[in-house]
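The annotation transmembrane segment is assigned in TrEMBL to 114-137, 157-181, 193-210, 250-267, 274-295, 373-398, 410-431, 437-454, 466-485.
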Amino acid sequence: MSGGGGGFRCSWGKMGRGLNEAIARSVVGRYFKLEARNSCFTKELRAGLATFLTMAYIITVNANILTDSGGMCSMADCSAPPNATAGPDCMFKPNAGYQNCLSKTKSDLMVGTILSAMIGSFAMGVCANLPLGLAPAMGPNAYLAYNLVGFHGSGPIPYRTALAIFLVEAFAFITVSALGIRSKLARLIPDSVRFACAAGIGLFIAFVGLQSHQGLGLVGPDSATLVTLAACSRTNPETGECIGGKMQSPTFWLGSIGFVIMGYGLMKELKGSMIYGIVFVTVVSWFRGTAVTYFPHSPLGDERYNYFKKVVDFHKIQSTAGVVSFHGFNRSEVWVALGTLFYIDVIATTGTLYTLAGIAGLVNDRGSFEGEYVAYLVDGASTVVATMLGVSPIATYVESTAGIREGGRTGITAVVVSFCFMMSLFFTPLLSSVPPWAIGASLVMVGVMMMGVVKEVDWGNVKESASAFVTMILMPLTYSIANGIVGGIGVYVALSIYDQVLSFMNWLMMKMGRKVVVEDQNQVSATAANAELTSVL
């Protein structure tokens, strides 16, 4: 039996053929419609593994980004000298106590990421019967870490309240999906802003990956020009400015090699290319006594190394699960964030699901696909689960195309993805030991892939191109996704005013012209009637 996914063979011998036939005829096979969708169990198994390999990077990337917010860590976690108290700046300077709290938070968020991806993917497979993997989305996680909560809690909204915003947004998404008005809301946003939003988020994520605290360190702060070329061998621990040795950072060059590995793998369409680059940089960084080690001979390095040596360990979430709080919810920043996240969720989810269903050949002549209604509900419900676990909203991953190209057509693919995430729960010590310069390379590559939508913008139309450009440029330069969206829509509306006023004037003139014509006709009719009456008399 061969499916529509490029002629992949379903069986590899009598054993595989027998297994496929047995499962296809079983209750499981009939439930997932294996024969109806021209697929088989071994093909679905291979597709699930391919999808997991291409999206597994989110486990460490998401945890690292969210940890930048500080999570539930506060000044109370800072170490202080004897007979002294720690000040607020302890959260922004090297501090053993605060770094220890961040390490625990990172492990918590890693488990939360895995669990939410595991539950979301399983629900998508079993409930919607679609071959799609779900996990915390890139974009909303950066929005939480750098816009809402801010780096180490320096933003306007506490971590607890940010999670409450995600929770409310998830229920709003479930509501509009259940009522069937989601697609109508998506069409309200100008196409130029919609396309530019994805590209702008890509630029924002890449900018984060180029900085030192969560990336390669190629870009650094400068008192005169705000940002400048860095990758320095020595930096000021308080300001982050370069002290000496520009472009001489060993970790930057190691991370750059990882970026090249990812790029080459994607060029050759190798499945798991992102993972290969991250693994190479990470393994090299695990050797102690080198210039690129993640385990330097220091108290913090020793603590990291001791946890790393456990290799297999099941970490229980200690500080980030169930901490949602609506305290301080009646603030303007909260409602702006809620609107921004809701817009991103509606646009991104609608576009991604339709695209992936189309690639899988599941879209019918009416433009819909089987399991569509349930898929949107699963997406929203998974975000509720993720929020209660302390992580950012869930999204359907475009990396699911890897599994679809392997022939995945049913929910069994998503169930296999879920199983793979479950197995990764037991390797938290290894996953939490991925260095920032390995993550940074993957963030830049994610930015590269998200820029592809700019080709959809009509650059010959100034109204479209200007609004798209403002959307994209404001996101990284103002460090805010919301600013980019508001700015882009504002420019689009401003450039549309002339056309709208002209259209209104034309409509008004037509109305007035019709009224005059009707009055003239009435006068003529009245005159004719009077003349006829006079002649009769």
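Placed from the backbone N, Cα and C atoms, the Cβ positions cover glycine too.
For the transmembrane segment (373-398), same-chain residues at least 6 beyond its ends with a Cβ under 8 Å from one of its own Cβ atoms are 51, 55, 58, 62, 66, 71, 108-109, 111-113, 115-117, 119-120, 123-124, 127-128, 130, 132-137, 140-141, 143-144, 163, 166-167, 169-171, 173-174, 177-178, 182, 317, 319-324, 341, 345, 348-349, 352-353, 355-356. Two recorded stretches are said to be in contact when at least 3 C-beta pairs lie under 8 angstroms, sequence spacing 6 or more; the transmembrane segment (193-210) and the transmembrane segment (410-431) fall short of this definition. Highest Cβ pair count under 8 Å relative to the transmembrane segment (114-137), across stretches 157-181, 274-295, 410-431: 410-431. Per-stretch counts of Cβ pairs under 8 Å to the transmembrane segment (274-295) identify 437-454 as the leading one among 157-181, 410-431, 437-454. Beyond the ends of the transmembrane segment (437-454), by six or more residues, the same chain brings 57, 60-61, 64, 138, 195-196, 198-199, 201-211, 214-217, 251-252, 254-256, 258-259, 262-263, 266, 274, 277-278, 281-282, 285, 292, 468, 472 to within a C-beta distance below 8 angstroms of the stretch. Residues 28, 32-34, 37, 39, 41, 44-45, 47-49, 51-52, 55-56, 59-60, 63, 107, 110-111, 114-115, 117-119, 121-122, 124-135, 307-315, 400, 403 of the same chain sit 6 or more residues outside the transmembrane segment (410-431) yet have a Cβ under 8 Å from a Cβ within it.
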